[in-house]
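What follows is a single structure, written as structure tokens, with notes after it.
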Amino acid sequence: MSVIKMTDLDLAGKRVLIRADLNVPVKEGKVTSDARIRASLPTIELALKQGAKVMVTSHLGRPTEGEYNEEFSLLPVVNYLKDKLNSPVRLAKDYLDGVEVAEGELVVLENVRFNKGEKKDDETLAKKYASLCDVFVMDAFGTAHRAQASTHGVAKFADVACAGPLLAEELDALGKALKEPARPMVAIVGGSKVSTKLTVLDSLSKIADQLIVGGGIANTFVAAQGHNVGKSLYEADLVDEAKRLLGTCDIPVPTDVRVATEFSETAPATLKSVTEIKDEEQILDMGDVSAEKLAEILKNAKTILWNGPVGVFEFPNFRKGTEIVARAIAESDAFSIAGGGDTLAAIDMFGIADKISYISTGGGAFLEFVEGKVLPAVAMLEERAKK
């Protein structure tokens, strides 16, 4: 990967705009999982230490584009950064026509999705971002698969566009896992976004020795085996695709599950066989027998790619499957890479961050990289490095 790296530049006195991935869960004005901010801190601190005029920005959540909405403000992130850096951090709301930043100061530019044209990679907006800085640092691997104004367009127009340390590290770690993985390689794909991940399963089936499915994806495979899945989250129109995958590769489908009659934190869990699911029930976790079977597979792996929990781990009664799988990954000797927002939250919950070889901040980008797709923001950095 031939890109300019931030670590090769002298940033002293320069206006530096860092596009980080600070899209973290927030509850009642407080950050509830700080993994992505923690991952971005070294980049921010490096720029501050060099005496740069540092601006950092990100998206957070899915606000209506072009409209300010306090619920999606980066203020909780600013408060977190003040605390962690033990220094003042300003939040700039109106910054597109310029913002004053002192050397060694950090200013957070409000949620990029409050700007009209962000998602469409609007050229006028991209040029405004570019005019704010002397050096643009793309450090948000999690959004590198999206060609948007703050990830792709700005890199096209900034005087200098480079990769931040986190982005460079992510690409190196994923490259290592995918180009020459130690075998056997096990890939776990879980979570609730089913359709976006079934295509990934196809790509992974060609490089992984063993595929594991969980969450909403597993429900589609349970349905593909002819079982009733009741009110479970699954994709009826992808059942044939799941059948095809079952025919071409070895995918262990859950044989026992935890179900409930409502999707709620307090719903009692019933453990049962996949052959006994009633119309009014929904699968919210895999059962112990299924989870332990996966743990056994993970024990013998040499490379593990993990994207997505295997159940609704946010609900205490439906946490056990994900916990069994997470602890098996933590205890494995394999080179393990975990990616995706829900996966990071699960890692935090079970306190196993130090037992995972590499934690990727990307969700969709992680999966697209795994699929071998070109990430637009990275492609733009490569193009700029040639000039």
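The backbone N, Cα and C atoms fix where each Cβ goes, and this holds for glycine too.
Here the structure is a predicted model, which means the values were calculated and not measured.
Residues or ranges marked as substrate binding site in Swiss-Prot: D21, L22, N23, R36, H59, L60, G61, R62, R113, R146. Sequence annotations record features per position, and here Swiss-Prot assigns ATP binding site to K197, E314, G340, G341, D342, T343 based on sequence analysis.
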Using the centroid of the Cβ atoms of D21, L22, N23, R36, H59, L60, G61, R62, R113, R146 as reference, list every other same-chain residue with Cβ within 8 Å of it (recorded substrate site), in sequence order.
S58, N111, V112, G142, T143
Name, in the order they occur in the sequence, the residues of the same chain whose CB lies under 8 A from the CB of H59 (substrate binding site) and which sit 6 or more residues away.
N23, N111, V112, R113, E118, T143, S150
T343 (ATP binding site) - helix vs strand vs coil (DSSP):
helix
Looking at ATP and its recorded binding residues K197, E314, G340, G341, D342, T343, figure out the farthest C-alpha pair and report it in angstrom, whole number.
21
List nothing but the largest Cα to Cα distance in Å, as a whole number, among the residues D21, L22, N23, R36, H59, L60, G61, R62, R113, R146 that the record says bind substrate.
18
Could you say which of the binding-site residues D21, E314, D342 has its Cβ with the most other Cβ atoms inside 10 Å?
D21
List only the single closest residue to G61 (substrate binding site), chosen from the binding-site residues K197, E314, G341, D342, T343 by CA-CA distance.
G341
